[in-house]
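The compositional bias 'Basic residues' feature in Swiss-Prot is assigned to 43-59. Under the heading compositional bias 'Basic and acidic residues', Swiss-Prot lists 1416-1459, 1469-1484, 1575-1586. Residues or ranges marked as SUMO1 cross-link by Swiss-Prot on the basis of a large-scale study or a structure entry: Lys1030. What Swiss-Prot records for 83-171 is domain 'S1 motif 1', and it gives sequence analysis as the kind of evidence. Annotation comment: Swiss-Prot describes 1036-1109 as domain 'S1 motif 9', evidence class sequence analysis. Look at Swiss-Prot and you will find Ala2 tagged as N-acetylalanine. For Ser7, Ser438, Ser1360, Ser1362, Ser1476, Ser1493, Ser1498, the entry in Swiss-Prot reads phosphoserine. Among the features that Swiss-Prot reports, repeat 'HAT 1' is placed at 1599-1631. According to Swiss-Prot, the repeat 'HAT 2' annotation covers 1705-1737. Annotation source Swiss-Prot lists repeat 'HAT 3' at 1775-1807. According to Swiss-Prot, the repeat 'HAT 4' annotation covers 1809-1844.
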Amino acid sequence: MANLEESFPRGGTRKIHKPEKAFQQSVEQDNLFDISTEEGSTKRKKSQKGPAKTKKLKIEKRESSKSAREKFEILSVESLCEGMRILGCVKEVNELELVISLPNGLQGFVQVTEICDAYTKKLNEQVTQEQPLKDLLHLPELFSPGMLVRCVVSSLGITDRGKKSVKLSLNPKNVNRVLSAEALKPGMLLTGTVSSLEDHGYLVDIGVDGTRAFLPLLKAQEYIRQKNKGAKLKVGQYLNCIVEKVKGNGGVVSLSVGHSEVSTAIATEQQSWNLNNLLPGLVVKAQVQKVTPFGLTLNFLTFFTGVVDFMHLDPKKAGTYFSNQAVRACILCVHPRTRVVHLSLRPIFLQPGRPLTRLSCQNLGAVLDDVPVQGFFKKAGATFRLKDGVLAYARLSHLSDSKNVFNPEAFKPGNTHKCRIIDYSQMDELALLSLRTSIIEAQYLRYHDIEPGAVVKGTVLTIKSYGMLVKVGEQMRGLVPPMHLADILMKNPEKKYHIGDEVKCRVLLCDPEAKKLMMTLKKTLIESKLPVITCYADAKPGLQTHGFIIRVKDYGCIVKFYNNVQGLVPKHELSTEYIPDPERVFYTGQVVKVVVLNCEPSKERMLLSFKLSSDPEPKKEPAGHSQKKGKAINIGQLVDVKVLEKTKDGLEVAVLPHNIRAFLPTSHLSDHVANGPLLHHWLQAGDILHRVLCLSQSEGRVLLCRKPALVSTVEGGQDPKNFSEIHPGMLLIGFVKSIKDYGVFIQFPSGLSGLAPKAIMSDKFVTSTSDHFVEGQTVAAKVTNVDEEKQRMLLSLRLSDCGLGDLAITSLLLLNQCLEELQGVRSLMSNRDSVLIQTLAEMTPGMFLDLVVQEVLEDGSVVFSGGPVPDLVLKASRYHRAGQEVESGQKKKVVILNVDLLKLEVHVSLHQDLVNRKARKLRKGSEHQAIVQHLEKSFAIASLVETGHLAAFSLTSHLNDTFRFDSEKLQVGQGVSLTLKTTEPGVTGLLLAVEGPAAKRTMRPTQKDSETVDEDEEVDPALTVGTIKKHTLSIGDMVTGTVKSIKPTHVVVTLEDGIIGCIHASHILDDVPEGTSPTTKLKVGKTVTARVIGGRDMKTFKYLPISHPRFVRTIPELSVRPSELEDGHTALNTHSVSPMEKIKQYQAGQTVTCFLKKYNVVKKWLEVEIAPDIRGRIPLLLTSLSFKVLKHPDKKFRVGQALRATVVGPDSSKTLLCLSLTGPHKLEEGEVAMGRVVKVTPNEGLTVSFPFGKIGTVSIFHMSDSYSETPLEDFVPQKVVRCYILSTADNVLTLSLRSSRTNPETKSKVEDPEINSIQDIKEGQLLRGYVGSIQPHGVFFRLGPSVVGLARYSHVSQHSPSKKALYNKHLPEGKLLTARVLRLNHQKNLVELSFLPGDTGKPDVLSASLEGQLTKQEERKTEAEERDQKGEKKNQKRNEKKNQKGQEEVEMPSKEKQQPQKPQAQKRGGRECRESGSEQERVSKKPKKAGLSEEDDSLVDVYYREGKEEAEETNVLPKEKQTKPAEAPRLQLSSGFAWNVGLDSLTPALPPLAESSDSEEDEKPHQATIKKSKKERELEKQKAEKELSRIEEALMDPGRQPESADDFDRLVLSSPNSSILWLQYMAFHLQATEIEKARAVAERALKTISFREEQEKLNVWVALLNLENMYGSQESLTKVFERAVQYNEPLKVFLHLADIYAKSEKFQEAGELYNRMLKRFRQEKAVWIKYGAFLLRRSQAAASHRVLQRALECLPSKEHVDVIAKFAQLEFQLGDAERAKAIFENTLSTYPKRTDVWSVYIDMTIKHGSQKDVRDIFERVIHLSLAPKRMKFFFKRYLDYEKQHGTEKDVQAVKAKALEYVEAKSSVLED
């Protein structure tokens, strides 16, 4: 009874006085209508008491407003209290505690002992046993970031650092303590933890005394499978549960954790919730009670009121909330003291059990300048708007460094501040900021920011025995161990360091996850200038650095660096002198300087030395040096040289500045073998070369080298100067000096040399050393063996031994170097006098040229002329001819692939993918499929499949990687996988890329003949299997054969001797009815007689006549037309006519019969065949005038279907016919045609494209017969439109989309007539149009496509703004208005117009919002005039009183509430103004007087909608009893009023504005209006409700189709788990060819759809697979597939991908996938059956039979019958019916009582067999010895069959047999 009273307080609302009010709040907390009641009572008091009580009422109203504002105060640590229940989100999971994100940017902590009692008990057991328990999970295994949890505040305290700390508990005993056993009801959503595992389920601790909660195993299976990865639930596991059954008055409850039940759980009145036991996380249905600047007030569960602060509004709906709006909300918390219920409208909280998404932390710690304030909240903090539009929040404590200097005035909206992002709140999805100077200037904000080895400053906090604690940031502390307090060990560190001292430290180790920071104060380490080692990869041989000794052993010292990197100094490397006992010389903690000898990062091993090598001595000059001392050149010296002359082998040069002669061999000009001869060719006498290396001097001859690799080696000091420095394992850079049969000799820059034996020259088998290397080639060599006595060394050149680091980086460096050298050659060429050479130097790959075909060579390549200069050789290889028919003199557009700078040839391509390159933004590091287009010796050029961009990639990834077997060599046309390293072509014209694994290469199909298969041609495999036998058939021969397979457009026939023949669909019937499929007339296995009419060439699959010399090696083309089978038929073609000639014979307008081959989704056309060698295309727009057909052409057209088409003409290649199904394609005036939108131009109209390249334009005046505010809103690129052609002048189509034009039969009402000239206008006429522009003398107003009128300012508005610029703001271009024609001047072609309300009958075009822009003087003047005219003395007195106190009032429940929010109303857009204007027109038909602005009514509309107006104050509003705001009637708005006070325009708690008096005076005209009668108000109320209902029904109409991305966003927001909506959204983008957006939608869907909705997610995965298969690369498809397998049941994903491959006719890929499936899922019968069906569809019956045998071997015996029956069924449908019968018969002979098999056998025979066969089976089955129930089933089927197909006699016969069976059974029973 107590609960009942609590939920339903007795009695009505009553007036309360000040003393009672406080009492009521503390005692009768459940009456949540206190705010509304106060307002209502205040209003009644006002009307009853009159002016005498005004002052008292205003005080009460002000306190009420303050109380309302306090309810919206967001949570702070101070407002929390112990026992408060609150919804939280797991932010971090540590070993011993959880960090919980709470609403409004708060944070709390849950100790490991606060999970549940059972878990704590297990922990105690583990501690007692001192051994880990197997069934006890750690916190990271029980909780994951993002989980929503219900918490209770257990304590509020202060940490050691002086910070406020919130301790929370998840223990159900504490969270659900407010529930009693009697209060439990079915459907309640509770949280609990698993307390124990039972035989049939789990006991769950829900924390309710006297209640035992049980979760049946069956109900937990779905959760275990989806959430627990199949593992059983463990003690302590947190669950969201639904109460399913309640027994024994709550003593026992049965729970469910199913996803569907939990995610849709709603708290209802039937569950008897009250304020004491409302739990956070409950989802409730609510109704908006009030819309305020601080948030929303909601009614829910009938009697409760809650608040939604600005942080928890739905971001996508903010600004659209209105009173009485129905919403769903989630309870965040109920404050135990104030009893305020905090709610959230964020969609992610409205699905219980769904985890929150983790926010990106990439900007965490960023310092931001000039961040504008969005709003300020007194007791909470301030909101800010970041540059990317994201909302951010700073708590009050973070707005200044101290409370003393805090100034609230600095946080007015618009003020800017410098701040830093310190955290992200997952619960609020916003960034948390700090304005504290100490935090902004802090060197580090979090542990993640600190790198090992960094020098940091800190403050000493304390000194303990374990070390010194140092504060290095606001929330970070580090430890300095005792060993690191100084360079030497300190006994009394407290004497040197004191608490508060600032110290400089160097970071030794930082572990952000464990929040562990170790530092050192050793001076030598801190001040060291040597490089630091933070990982083993940093340790390069020869590197000198500082470290510290951590252990001294007898075998040496272990030295440690940073980040736990350490190495060993062996005993012999401790000193140059022998040290017998290291422990006496060295000590732990000693700082030492070491040099790295060797490092193996993979094994984390490092060898160090204390013996530091001194600088090498300078090289002595050779004894016989002939140069003077002052002019000596040292070996290894870098010099500049001048070319003197060229020789055969190199360049004679002079070393500058002393002109010492030297020789530079050709092979030493570059590291790239191919570039040496190129540089040698273009260098000439006088050229200067820089940075040339002196290699050797002998007999006065200086040998030079210009190889960059060798130059870098010498500069870096990595070249050993003498043999003593050589040791095994060293990696050196040198060049091939000579090549022998037994190996190659390698020389190094210093003159040292070694032998690389044949055995270790390469990882590949070496047959000939000269195949692998050439003299002078740059190589990397690893020393394997050293003979110090003979000073010889053995080297390895194997790639596995000579790794130079990351292969991708090396590959890119080699490519960069090669291209830079080529660019240098171009520079040399540009200095030549020849115009040809200069032109070649300027040409780069990717450039486009318009050329003329000069000659087609025998090899199929094409030579072009017409280049930029004469004599320029431009060639396209046969491959780059792209199968095009070219003739001399033809003009072609080509793209340059490469310029051969040695042969002076330009390689070009005709490939359309390259010529029509797509402009798409590329990402660095992205992977792409590419096709090799050109090969050079060092690099290859490939084109990206998606865009056609040209990219270069190196053919080698190592200096030694020069040998390739033939099978490894790339070929032109081959597919490769590339990773882009640049996104812009640069000076080379090429993108730079690195090739992926060789396994991703794909081979191109070989085409040995110049006649190539059409790019869209798909060859029947039946015509390509095996070798085509030579035959002796000739024209006119009659042959007999058996139908082998049937395809949509042809039938394959097997003739005698295994010869394969083909019958085209056009040669089956003489008269083909439209819509039929002729090939279906023939059945597989049927014997046919045909006549030979031609043949198909096996190489090109092109049709050949009999007379062709290659006819004997062709597939005979046959005909079974009755007319051609007649004797004496001689009309056969015996001479050769090419398809191009045949196509010329077709005339435009001619009607032909064609056969649909397929619908090309990508290119949007139907591919058809007219004859075996004549193909055609029908653009989608020419298939129908019906939008339904164009939207789903696959439903209208079937493959193989015969179509009647009209010839349009040959296409551009002259090899195909263009056809139309809509009659002759003539774009002439008066015609109606279908087009596709290609561009939408704001305020102008559309650009529409038609088939075959025609373009037209549609003006905004021709979009519809009725103009609209947003005429272009429904149009997006790629949308299909029905157009009427107005004119075709100047080859530009002028179009109209008006229904009266495109569908005149509908007799569409023309609201806005067409205005094409001034002749169409009459004086006095009312016309609508669009604002054109604002000019000094008036407003130009567009009345038609070419007609513009002028409205002078005196005829624009009754208002006269002081600034004319305000017209631009309030009359934007394109705004729809109504105007009256005042005067026409036909001579000057001038139309004068008026917008005034008196002329148009419409509201003033300058809305109330403009009034706010006028100066205060103008407002006062206008108001004074109104007061004089109307003489409202009473109103004047009232306004004077209000003006005196206006400054004190913040918000009033009646009219006074408008005052502080007036500026907000002024800021609203034109849309609200227009709505209010149209509203006034409906409600009050009297025209306004000039002095009355629309702002008054606008404000009335707004604030009445917010429940803050009195009905008696305006004639617009009806009079009604004020019960509660939810019952206030709505105005008749044309569309739902949008509350525009969203996150962008929140009014914070600022001092009230000074316009109160003005606001009050604005309302006077309303107070003076005549009151309406009660009947009028009731009628008006009914109209308003009907109008609102109509709008709501329209918005809720499930049949309403989305037409924009915003529509789809709304839909998926309302139904986030509906895959159908997501797929429609993807299809919407695909129709607009927005592939990336479609991908993004799919990825968004996968993130949004709940993981419990497995099927919905799978649907999206399948759609994404389809998308990648159709528009992506094989690599992108594979990646998506691998992800899909990871997140779904693998078998389903495999089967879906196989179907996708099969449907897209990628049969090879499908076959390979099926074989993978057979290995992985051999026990799944579905895989075998699907593979069998696939093979049968491909006419591979024999392979299908083998699959059946394999299936029977792999599958268990119990599955055999089902599999055999299914294969037999497939044989019936797709293969040989006779074989199917045999399989069924064999199966039924073994299993005669398998009635399911009998039933399938009967079904198949009915479909594919004869009536005799069916009756035979029925006769057999009704004589079987089966159960009577089964027999009844078969008798019934037999009877139904005879009724449908038999005679009355047959029916009676079946009945007689049934009766006979019944009698026989009865007699047996009687016996």
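The backbone N, Cα and C atoms fix where each Cβ goes, glycine too.
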Rounded Cα-Cα span from Ser1360 (phosphoserine) to Ser438 (phosphoserine), Å: 53
Per the Cβ filter (under 8 Å) with a sequence gap of at least 6 from its ends, the repeat 'HAT 3' (1775-1807) is approached by 1084-1085, 1736, 1741, 1744, 1761, 1764-1765, 1767-1769, 1813-1814, 1817-1818, 1821, 1824, 1826, 1830, 1833-1834, 1837, 1841
Take the repeat 'HAT 1' (1599-1631) and find every residue of the same chain, 6 or more past its ends, with a Cβ under 8 Å from one of its Cβ atoms. 263, 316, 347, 351, 1273-1274, 1276, 1278-1279, 1637-1638, 1641-1642, 1645, 1648-1650, 1653, 1655-1657, 1659-1660, 1663, 1667, 1671
Same chain only, please: residues at least 6 beyond the ends of the repeat 'HAT 4' (1809-1844) with a C-beta under 8 Å from a C-beta of the stretch. Say none if there are none. 1777, 1781, 1792-1793, 1795, 1798-1799, 1801-1802, 1850-1851, 1853-1855, 1857-1858, 1861, 1865
Within 10 Å of the Cβ of Ser438 (phosphoserine), how many other Cβ atoms are there? 10
Who sits close to Ser1360 (phosphoserine): which same-chain residues at least 6 apart have their Cβ under 8 Å from its Cβ? Tyr1353
Residue counts in helix (H, G, I), strand (E, B) and coil for the domain 'S1 motif 1' (83-171), per DSSP? 23 helix, 36 strand, 30 coil
Secondary structure content of the domain 'S1 motif 9' (1036-1109), with strand meaning DSSP E or B: 10 helix, 32 strand, 32 coil
Give the helix, strand or coil assignment DSSP yields for Ser438 (phosphoserine). helix
Per-state residue totals over the compositional bias 'Basic and acidic residues' (1575-1586) - DSSP helix, strand, coil: 12 helix, 0 strand, 0 coil
Which of the three DSSP states, helix, strand or coil, fits Ser1360 (phosphoserine)? coil
